[in-house]
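Chemist: Here's a structure for you.
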Amino acid sequence: MDPRKNEMRKRYVFLILFLYIVFFIAIPPFQLNDEPDHFQYVYYLAQGIYPKTPLKSGLYVFDPSIKQIYDVVEVASNDHNIPNFQKIQNAVKQMKGFTTFQNNPPLTYQAHHPPLYFISALPFFIPVYRLTGGVIPTYYATRLASTFFYFLAIYFAWLVINKVIKNKKVCEYLVFVFAVNPVTLKMGIAVNPDIASTALALGILFTFLTITANKMLSRKTIFFISILVVVATYIKFQNIVFLLFAFLFFIARGMRTKKLKQNFFYAAQTIVFSLVLLFPWFYYSLTTYHSITPSYIVYALFCTANLSSIPLLRLPFEIVFEFRHAFFHFAGFLGWGEPYPFKPFFWFYSSTFIVLIIMGFVHYLKTKKKVEWQNVLLYCLCVFLFFLGVSATYKINRYSCDIQGRYLLAILLPFIMFGWRGLTYLTKKDGEQVAYGLFLFSLWQYFFILCYVLLPRYYV
């Protein structure tokens, strides 16, 4: 390897690390999606107790110590003045430990998630909690589980792009764009399973990309694929959609190689192995919540059915239009629903990103269709169909919920890849030049969100 290229790559890694640390420090405790609940989930596991999801609203409240800290810093502000760090200083002084279990067994809305991410956080949680007994230092230590999965996601992103585009320079630039996107950063900091879910999803995509067209697959390989899907699903249940991806992948592979029967057998083995390993979670959910998808119960509790009924002819458009929220989040929206400044930027970013993705798809249709791009597209389609069903559930039941950017974080990388392809197609520029332009824009976007969204929200 060229020493100069290796040195430049190290600089990109250190730049990503530096930008990550800034966000890690700047975002106060419990400010990202559902963190108080997720943190309590880890705490209960550390006590050797498995929490449950409340089946009725009003049965559950935050631990008083968490709520006290949360209330100190949960302040939305759109003023653009000199930052004032007093709020965080006040929060750090809250060194109290946890107060009570509240219920026996304890309740948390996030217990509808499988436990694997929360188990992975225990090696960070337990030592610091035993040493300090304080909520704040333990919270920051627990974030390190997401730090691990953040960099694992970046590693798999590098492998995926390198496999598909096969241009090291473009790969470096696009990985950077993915790594410093505000949604990737905030979920890579939050005590929340979304970044772990994304890392495993990208790992699954890379694994399928490495399967060559004509090679016979051993039972060990099929079992390894099944293990990946199962681990991803035990982190976040939405990853069960990759059973559909595995099925469609092998069917498409069989049609290309004219070995449909053989590949159908591969698909069947993958699904059977995975379902057998997922049976304990299905059984627990069914016997505890009377549903193999307890997330649906939580949606019914969290999401108020206060939207007006949607006419049948308009319903498909409303279901698809719901995805606009995800692109707003990719633009740099942070938090749980508070207002954000510079709405024209968010609309411009979102609409431009969508147009570039569409143009990238158009370019894909007009050129020789490489198998790697086909598989990336199939991967995106499966995730999109899953959340299309979620969006339909929201609209049909009149829930006031939206499709958030973190839900689609697993396909942000393919979106960036298709966006790069679309911009290359529109500008007729060299792919490396376009990727470099996206790199510069993402760097500007990072500081824009830091200075005009994140810091003003908490420190003035």
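Backbone N, Cα and C atoms are what each Cβ position is placed from, and that goes for glycine too.
Per TrEMBL, transmembrane segment is recorded for 12-30, 144-161, 173-191, 198-217, 223-252, 264-284, 296-315, 346-364, 376-394, 406-423, 435-455.
Walk me through the surroundings of each of these features.
Modeler: Tertiary proximity for the transmembrane segment (346-364) is limited to same-chain residues at least six positions away from its ends with a CB under 8 Å from its CB atoms, namely 324, 327-328, 330-333, 340, 373, 377, 415, 417-426, 445.
Long-range contacts of the transmembrane segment (376-394) within the same chain, counting only residues at least 6 positions beyond its ends with a Cβ under 8 Å from a Cβ of the stretch, are 160, 164, 201, 205, 208-209, 238, 241-242, 244-245, 248-249, 252, 296, 299, 303, 315, 319-320, 322-323, 361, 364, 401-403, 407-408, 410-411, 414-415, 417.
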Chemist: Is it the case that the transmembrane segment (173-191) and the transmembrane segment (435-455) have 3 or more CB pairs under 8 Å, with pairs at least 6 apart in sequence?
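Modeler: Result for the transmembrane segment (173-191) with the transmembrane segment (435-455) is yes.
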Chemist: Among 198-217, 264-284, 406-423, 435-455, which stretch has the highest count of C-beta pairs below 8 Å with the transmembrane segment (144-161)?
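Modeler: Most Cβ pairs under 8 Å with the transmembrane segment (144-161) come from 198-217.
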Chemist: Give the nonlocal contacts of the transmembrane segment (264-284) in its own chain as ranges (CB under 8 Å, at least six residues past its ends).
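Modeler: For the transmembrane segment (264-284), the far contacts come to 114, 217, 219, 222-223, 225-227, 229-230, 233-234, 237, 240, 243, 246-247, 249-251, 254, 292.
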